[in-house]
Structure formats: structure tokens, C-alpha cells
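One structure is given here, and the rest of the page talks about it.
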Amino acid sequence: MSTLADLRKNYSLGSLDISDVDPNPFGQFDRWFKQAIDAQLPEPNTMTLATADARGRPSARIVLIKGVDERGFVFFTNYESRKGQELAQNPHASLLFYWIELERQVRIEGTVVKTSPEESDAYFASRPVGSRIGAWASEQSKVIESRAALEAREREFSAQYGENPPRPPHWGGYRLIPDAIEFWQGRPSRLHDRLLYTHSGGAGWTITRLSP
């Protein structure tokens with residue numbers, strides 16, 4: 001374990017000041033996300049989604065962001081999966097983007113709601129056929145007998161729906177509506193820059209600096 005304790009990196013690529021950021025956190029996120037794309041980072045759209053059940057027992061996993069606007073952050077999944085069940089019990093969740101090459105993190109907290117059926121239908125229709133069939137074949141988070149059993153279900157639904165599978169009723173989108181968004185920029189000597197946007201309850205956002 002001593003080797004783990006010795007692992008460290010000094011951060012020095014950038015800085016973050018209230019005078020330089022967008023007053024709207026969605027504008028600031030868009031700025032950073034475009035920079036992550038321009039830097040050709042591998043899958044900059046990956047994020048950690050943390051949920052908790054009714055008892056407060058947490059779980060986390062990597063998912064893909066599929067939409068961002070003033071209404072919130074959108075992702076899609078199986079509603080009957082563990083995360084779907086936890087969100088039904090407890091709609092409060094957190095997202096984390098970590099762009100290590102840029103020494104940046106974005107942490108988002110808020111309440112999750114389902115997207116409209118129309119939004120879910122539109123995104124589902126844009127997916128490759130194999131992924132749409134997979135949404136039917138996978139009983140996500142449930143115990144299965146074997147890989148062969150999963151592939152048999154895939155063949156079954158492929159034969160049933162062909163090239164035009166509809167969206168399963170148990171599959172669709174969620175939108176996290178944020179009430180807090182933190183932007184983190186690594187700095188030397190662990191004196192990192194942390195700016196927190198909080199929703200004031202009206203139409204605006206308040207920006208504060210947090211101690212690292």
C-alpha cells in the first residue's frame with residue numbers, strides 16, 4: 001500500500017477565477033465541454049452517475065451524457081435497472097465529469113425526472129439497430145444464467161422486430177435538473193480552484209469559491 005500513498009501528480013495546466021467564468025453554469029459547462037472535444041479526449045461525454053436507494057445506500061456507474069440545455073443533463077437507460085429503481089425511490093442524484101488530461105472536474109447535483117416519451121422515442125430511433133435490439137434483450141441488472149442465454153434473447157427479439165424495433169416501455173431518458181454545479185481546476189500544491197454555482201430559487205445563479 002505504500003506505493004499507492006506515493007502516487008501523486010502536480011497540477012499546473014490552468015486556473016479558474018470568478019471574473020473569467022460564464023455567469024450561467026450551462027454556458028460554462030458548454031465552454032469546458034467544447035474544450036474537451038477540441039483536445040480530442042477519449043469519450044469526453046462519459047460521466048459518473050451516483051444514485052442512492054430509499055435507505056441512502058449509494059451506487060455509481062459510468063453513463064453517457066446525451067443532451068444538455070437550460071433544462072438539465074440528459075441520459076438514457078433501462079428504467080428497471082438498479083439505477084432506475086433507485087431513482088424511483090430517491091430522485092436525488094449526482095453527476096461527475098472527470099477530464100484528467102485537462103485537470104478538470106465538473107460535479108453536478110440535482111433532482112432527476114423522466115424525459116417525455118417523445119424525447120425518448122426520438123433518441124431511441126437514432127440508435128443503431130443492434131443497440132435497439134439490445135435494449136429488448138437485456139434485463140439490465142438482473143441475474144442471468146449465461147452469456148448464451150443473453151445472446152439467445154438477442155436472436156429472439158431480432159427475429160421478432162427485424163430492422164425496426166420499437167422503444168421498449170421500460171427504456172427511456174432521464175433529465176437531471178441541477179441545483180448545484182461545481183467546476184474544479186487542478187492547481188499546484190493541491191490548492192485547487194473550486195467554483196460552485198447554486199440556484200438561488202429564482203431565475204439566477206450564485207457563484208462562490210470553495211476552499212480546496
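Cβ atoms here come from the backbone N, Cα and C positions, even for glycine.
The substrate binding site feature in Swiss-Prot is assigned to Arg8, Lys9, Asn10, Tyr11, Lys66, Tyr123, Arg127, Ser131, Arg190, Leu191, His192; the stated evidence is sequence analysis. Residues or ranges marked as FMN binding site by Swiss-Prot on the basis of sequence analysis: 61-66, 76-77, 82-83, Gln105, 140-141, Trp184, Arg194.
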Practice item. Taking only the Cα atoms, work out how far Arg61 (FMN binding site) lies from Arg127 (substrate binding site), in Å, as a whole number. Key: 21
Exercise for review: May I ask which of the binding-site residues Ile65, Phe76, Arg82, Ser141 is closest to Arg127 (substrate binding site) if we compare their C-alpha atoms?
Suggested key: Phe76
Check your understanding: Of the binding-site residues Asn10, Lys66, Arg190, His192, which sits closest to Gln105 (FMN binding site) by Cα distance?
Key -> His192
Exercise for review: Provide the number of Cβ atoms within 10 Å of the Cβ of Gln105 (FMN binding site), excluding the reference atom itself.
Suggested key: 18
Revision key, fill the gap. Looking only at the binding-site residues Phe76, Arg82, Ser141, Arg194, Lys66 (substrate binding site) has its closest CA neighbour at Phe76
Exercise for review: Identify, among the binding-site residues Arg127, Arg190, His192, Arg194, the residue whose Cβ has the fewest other Cβ atoms within 10 Å in this structure.
Suggested key: Arg190
Point to revise | Nearest-integer angstrom distance between the alpha carbons (Cα) of Phe76 (FMN binding site) and His192 (substrate binding site) | key: 33
